[in-house]
Amino acid sequence: MDVLGIDEAGRGSVLGPLVIAGVIVPEKMDIVLERMGVKDSKRLTPNRRTILSRKLKKMFEYDLVVISAQDIDNMRADGINLNEIERIGMEKILSNLNPEKAIVDAVDIKAERFQNKLANDTGVNVVAEHKADDNYIEVSAASIIAKQERDAHIAEINKDYIKMGGIGSGYPSDPITKKFLTNFTYDEMPDFVRKSWATVEKMKNSQ
């Protein structure tokens, strides 16, 4: 049975898009992925991730959903939380690729609830588990593509801000990202900043 793996990158970032990737791995091709060294993207070097992502895109059918910072802010303003934003993105991929079975990294604290919602909305046989990117090689493959795609977006944005010291990884814990944000007032924030994030809201309240 062909299996679709889905994972995301950039969920907690204050800068840049949330990227969701889906990869269909044909039956028995998981052995090939193991030989290629496919594992959770966070355990790979950026260079290795780039190489593997290119190979995976050539070898397998895949799909990407890129949700911009502005779209995230707009949806949150409409009362749609981050888990729902991710679910909507995953459902687009499930609809586009229409697999026999899908395995996804559960974003809801209750994995079974998330699994049932995806399955009911799409009619696809879905398995949703926490840490699926560690436990299922199909999800690891999706993780690699999602992370590489997001890294490419961040690198492109960074080009315009090198003279300011760069934007860092885009995550709130990154000192370079924190420093970058201090260059702007809340109203001056570039459109790739998630203004609805607590990190930025705190800056607004302190100005």
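The backbone N, Cα and C atoms fix where each Cβ goes, glycine too.
Residues or ranges marked as domain 'RNase H type-2' in Swiss-Prot (evidence: sequence analysis): 1-207. Across all of the domain 'RNase H type-2' (1-207), the predicted model scores a mean pLDDT of 95.
Residues annotated as divalent metal cation binding site in Swiss-Prot, with sequence analysis given as evidence: ASP7, GLU8, ASP105. All protein chains shown were included, and the count of other CB atoms within 10 Å of the CB of ASP7 (divalent metal cation binding site) stands at 29.
Around ASP105 (divalent metal cation binding site), the same-chain residues six or more apart in sequence whose CB sits under 8 Å from its CB are ILE6, ASP7, GLU8, ALA128, GLU129, HIS130, LYS131, ALA132, ASP133, VAL139, SER143, listed in sequence order.
Each of ILE6, ALA9, ILE20, ALA21, GLU86, VAL104, VAL107, ALA132, ASP133, VAL139, ALA142, SER143, ALA146 belongs to the same chain as ASP7, GLU8, ASP105, is absent from that list, and has a C-beta within 8 angstroms of the C-beta centroid marking the divalent metal cation site.
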